[in-house]
Amino acid sequence: MLDCGKKAVKSQVISGRLEKFVRLDSMDSRYSQTSDTGLNRCTLNLQGPTRGGGAQGNNVSSGSFKKGFRKGSKGLWSIGRSIGLGVSRAVFPEDLKVSEKKIFDPQDKFLLLCNKLFVTSCILAVSVDPLFLYLPFVKDNEKCIGIDRKLAIIATTLRTVIDAFYLFHMALRFRTAFVAPSSRVFGRGELVIDPAQIAKRYLQQYFIIDFLSVLPLPQIVVWRFLYISKGASVLATKRALRSIILVQYIPRFIRLYPLSSELKRTAGVFAETAWAGAAYYLLLYMLASHIVGAIWYLLALERYNGCWTKVCSNSSLDCHRNFLFCGNEKMDGYAAWTTIKDSVLQLNCPVNTTDNPPFDFGIYLRALSSGIVSSKSFVSKYFFCLWWGLQNLSTLGQGLETSTYPGEVIFSIALAIAGLLLFALLIGNMQTYLQSLTIRLEEMRVKRRDSEQWMHHRMLPPELRERVRRYDQYKWLETRGVDEENLVQNLPKDLRRDIKRHLCLALVRRVPLFENMDERLLDAICERLKPCLYTESSYLVREGDPVNEMLFIIRGRLESVTTDGGRSGFFNRSLLKEGDFCGEELLTWALDPKSGSNLPSSTRTAKALTEVEAFALIADELKFVASQFRRLHSRQVQHTFRFYSQQWRTWAAIFIQAAWRRYVKKKKLEQLRKEEEEGEGSVTSIRATFLASKFAANALRKVHKNRIEAKSTIELVKYQKPSEPDFSADDTS
């Protein structure tokens, strides 16, 4: 009768258990099926067994019935798909985006924004609810307690708007996936997208709390007072609002904490900045002051009403309790009560008498004597009560002088305990958030103190101490205590490459050696560069020391000096600026495929004339780049390297000087030979003798001078030509 095909299920053994997985129809076409096929495989078979002699009339009469039944079966099939039948119950977060189900990822940006707005709405709801406690007030001219209609309408409207957003959040919870607890073995886990399971989980956890929080009971009470009782049921309205607001506060506060925890779990942090976190806890403290002030106002009015009720019940006059509430002017005996109420209530319940008053109002006397319970100015009433709550929460109620009334004493005890807990919570969390702003500075101070103690213990000379202090100060100003290299190394490779490219590419292109290289080679170089800082008068490298890194100057000026290994009489000095580099001996070593592990020696001494920022490429990294990228072996790089290398520039200058001196010597010898040839043609003996003596003197002087120049030329030629890098590969680009 029921002909349903089996669903395609994939089984796999995981942790010794046979797990079943069902794919979404929209994810893989191999498991998808058309609507007609689905209807044929999962519909009621009304044809029955086929008989050869079936009558045609029976087929015609049952055709309409079968057609209607198929339509109904098709409708049931669509309903089954809409409620989640035949859809996988757990998927990964990235698969949820392509799913046909309208289910939200708990870490979706839209949902995170809604959660933050919902936390804000909860705080606003907790702030709006105390406004209902300000509705009752005392009418001095009529000596009765009434309800502020204007404030009631405003509070009801605000509460309704906030509850509407609360209802939207509740509806959103039925469409929010959750991570299956069994899938949290590794990674983020799988998301459960089955609407039935999502609804079941929400109903078992926070639905009851949310439902009790969103019940519009205060709105109903106020609406009943304004439009049904016509303002005649002040006592019932006051009692109902007091009970409802205080009772609904419990689920609202209970819901606020897990919602904040859930926001931290999904977003990673609750507040993006330290100031936002500190402001959040300060706001909660002010909110507590607002609640305490509203409760104090209501209890003060209740205490005042208690005094009136006591006078009314003890009076020999005809006094009914309802006479104390406005709206009961039509009751029997009210006219007689109006003639004596002022004198009776003022005599037995004075609020301005300090010497032996007939009724002790205790901590509520200030509210009654200030006149806020009878004021219709909500702004002055609200801020006065807010200040009272903030003052007594901060002082833990130390200035309160209570009466013997038990309710008043209990309220004072609760106020002191709440003030102690909230003040500790505020100070602790604000200290935590604000310390995070200066934690780097404190770490720097501790390191500087340890450095000073160490230098004092090791008895370092003053000049070394000053250099250490200058370096620490310069490094702090440049990095603010952040270990940039370690921070970048902890990121994924592609993200690390993009960050290095953003930070270093423009600076590396300013180095002429790398100006015309391709992008892949520049990416490889940028990924391996490390920032370096040097203070004034510090040595980057000394002549004769092994060169373990090649430095590319980004900012600052350096002095590069060479003495050709300490040879007397030889000194060469040049300046390095932004875009230059030093340690070029390492490039020759890296390009040589036969170079061993011994690092080359530096031919120059580099000293910082100002604060210097540079990028360093260590020997192993340069060797790797040179071996992987043949672009470094091009002729263009060869010419650029020779042009900007200080070692090659020095050799070229010395070579040119030696060649020029050889040329000058040759010209002088040629001139001397011509003079000798001209002198041989003279026949006068006196003139010949004179010329012979002059020639002998000049010859001696020339020989002596030539010897000195030849020796100087030999000394210049002694400066060896720098090693030629292996530029065997031609530039093919």
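Even glycines carry a Cβ here, placed using N, Cα and C.
Residues or ranges marked as topological domain 'Cytoplasmic' by Swiss-Prot: 1-117 (among others).
Summarising the annotation, Swiss-Prot assigns transmembrane segment to 118-138 (among others) and lists sequence analysis as the type of evidence.
Sorting the topological domain 'Extracellular' (139-151) by DSSP state (H, G, I as helix; E, B as strand; all else coil) yields 3 helix, 5 strand, 5 coil. Annotation comment: Swiss-Prot describes 139-151 (among others) as topological domain 'Extracellular', evidence class sequence analysis.
According to Swiss-Prot, the feature transmembrane segment maps to 152-172 (among others).
What Swiss-Prot records for 173-207 (among others) is topological domain 'Cytoplasmic'.
The feature transmembrane segment is assigned by Swiss-Prot to 208-228 (among others), with sequence analysis given as support.
What Swiss-Prot lists as topological domain 'Extracellular' is 229-239 (among others), and the listing cites sequence analysis. Summarised as a single figure, the pLDDT of the topological domain 'Extracellular' (229-239) averages 73.
Proximity of distant same-chain residues to the transmembrane segment (240-260), defined by a Cβ-Cβ separation under 8 Å and at least 6 residues beyond the stretch ends, is recorded for 115, 118-119, 122-123, 125-126, 129-130, 132-133, 135, 206, 209-210, 212-213, 215, 217-218, 221-222, 270, 291, 298. The feature transmembrane segment is assigned by Swiss-Prot to 240-260 (among others), with sequence analysis given as support.
Under the heading topological domain 'Cytoplasmic', Swiss-Prot lists 261-280 (among others).
Swiss-Prot lists 281-301 (among others) with the feature transmembrane segment. Within its own chain, the transmembrane segment (281-301) is flanked in space by residues 123, 126-127, 130-131, 133-134, 136-138, 145, 242, 249, 361, 363-364, 367-368, 372-373, 381-382, 384-390, 392-393, 407-408, 411, 415, 418, 422-423, 425-426, 429-430, 433, which lie at least six positions past its ends and keep a Cβ under 8 Å from the stretch.
Sorting the topological domain 'Extracellular' (302-406) by DSSP state (H, G, I as helix; E, B as strand; all else coil) yields 61 helix, 1 strand, 43 coil. Summarising the annotation, Swiss-Prot assigns topological domain 'Extracellular' to 302-406 (among others).
The list of residues near the transmembrane segment (407-427) in space but at least 6 beyond its ends in sequence, with Cβ under 8 angstroms from a Cβ of it, reads 281-282, 284-285, 288, 292, 295-296, 299, 303, 362-364, 392-397, 400. Taken from Swiss-Prot, the feature transmembrane segment applies to 407-427 (among others).
Sequence annotations record features per position, and here Swiss-Prot assigns topological domain 'Cytoplasmic' to 428-733 (among others) based on sequence analysis.
Cβ environment of Val561 (nucleoside 3',5'-cyclic phosphate binding site): Glu543, Phe571, Asn572, Arg573, Ser574, Arg604, Thr605, Lys607 lie under 8 Å away, each six or more residues apart in the same chain. The nucleoside 3',5'-cyclic phosphate binding site annotation in Swiss-Prot covers 513-637.
Feature annotation from Swiss-Prot assigns region 'Calmodulin-binding' to 629-644.
The feature domain 'IQ' is assigned by Swiss-Prot to 649-678.
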### Task
Tell me the Cβ neighbour count for Leu529 (nucleoside 3',5'-cyclic phosphate binding site), meaning other Cβ atoms within 10 Å of its Cβ, over all protein chains shown.
20
### Which of Leu609, Val625, all binding-site residues, has a Cβ with the fewest other Cβ atoms inside 10 Å
Leu609
### Query
Does DSSP give Val625 (nucleoside 3',5'-cyclic phosphate binding site) helix, strand or coil?
helix
### Summary
Counting across all protein chains, other CB atoms within 10 angstroms of the CB of Asp545 (nucleoside 3',5'-cyclic phosphate binding site) number 12
### Query
Lys577 (nucleoside 3',5'-cyclic phosphate binding site) has how many other Cβ neighbours within 10 Å of its own Cβ?
11
